[in-house]
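Before any comments, here is the structure.
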Amino acid sequence: MSSTVVSSVYVVCSDAAGIAGSNIFAFVLFLSPIPTFRRIIRNESTEMFSGMPYIYALLNCLICLWYGMPLVSPGIILVATVNSIGAIFQLIYISVFVVYAEKPMKLKMLGLLISVFATFASTVFVSMRFLDSPSRQLFVGYLSVASLISMFASPLIIIKLVIKTRSVEYMPLSLSLATFLMSLAFFVYGMFKHDAFIYVPNGIGTGLGTLQLALYAYFNDASQEELKHPLIDP
């Protein structure tokens, strides 16, 4: 009787972590770039914002979508559904970025977008054509780990600019916070499911998210401190 109760509690906790990660925090993550893109549209310029986080996010959503499909990993359909929605959001963001980017950046983003779809198509083809079910899950699982870590690390690209300007203007807090919360929820979900391909990259993502939040807090406080000292005309 006690083992049944423990099992029931375990399932409830697992589902709760999955719902939190795949519905609540993931949706917050997908919506978090909206203020940035409202600014881009209003100013009709991408300014110094980077489009790379959205390229990495799209690749990650597509790979993880495939990993969560029953043909690859039965029993974790939540992973597939949330990443299908995420892929749509990333495509919208990339489209807006391309419209308002300068020509060299526009061409670069289009080239990267083609590379993302080519990589995804190759992954699906190879995994279905040449691999049996267990090998398919391992192959796509390792790719999902790599893509997740790349997505979580992509906001760190802007750190050089943050350090140089001592400003967090181009490192949105909403994106860093949402990334941290979603990776933490999926880390817990992966632990309950005993799936290393979920909890390992999301554990790394939790650490990287913590680093981003710490950097934001440090440089935001530094910039606020500088604003307290008025400029003196000698």
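The first residue you see is number 1, and the count goes up from there.
Placement of Cβ uses the backbone N, Cα and C atoms for every residue, glycine included.
If you look up TrEMBL, you'll see 6-31 (among others) marked as transmembrane segment.
Tertiary proximity for the transmembrane segment (52-69) is limited to same-chain residues at least six positions away from its ends with a CB under 8 Å from its CB atoms, namely 33, 76-81, 83-84, 86-87, 90-91, 93-94, 97, 109, 112-113, 116-117, 119-120, 123-124, 127, 137, 140-141, 143-144, 147-148, 150-151, 154-155, 157, 175, 197. Per TrEMBL, transmembrane segment is recorded for 52-69 (among others).
Marked as transmembrane segment by TrEMBL: 75-100 (among others). Beyond the ends of the transmembrane segment (75-100), by six or more residues, the same chain brings 18-19, 21-23, 26-27, 29-31, 33, 37, 40-41, 44-46, 49, 51, 54-55, 57-58, 60-62, 64-69, 106, 109-110, 113, 189, 193, 195, 198 to within a C-beta distance below 8 angstroms of the stretch.
Sequence annotations record features per position, and here TrEMBL assigns transmembrane segment to 107-127 (among others).
TrEMBL lists 139-163 (among others) with the feature transmembrane segment.
Residues of the same chain lying 6 or more positions beyond the ends of the transmembrane segment (170-192) and with a Cβ under 8 Å from any Cβ of it are 10, 13-14, 17-18, 20-22, 24-26, 28-29, 31-33, 35-36, 47-50, 53, 78, 152, 155, 158-159, 161-162, 198-200, 202-203, 205-206, 208-210, 212-213, 215-216, 220. According to TrEMBL, the transmembrane segment annotation covers 170-192 (among others).
Residues or ranges marked as transmembrane segment by TrEMBL: 198-219 (among others).
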Spatial neighbours of the transmembrane segment (198-219) far in sequence, C-beta under 8 Å, 6+ residues away: 76, 79, 144-145, 148-149, 151-153, 155-156, 159, 162-163, 166-168, 171, 173, 176-177, 179-184, 186-191
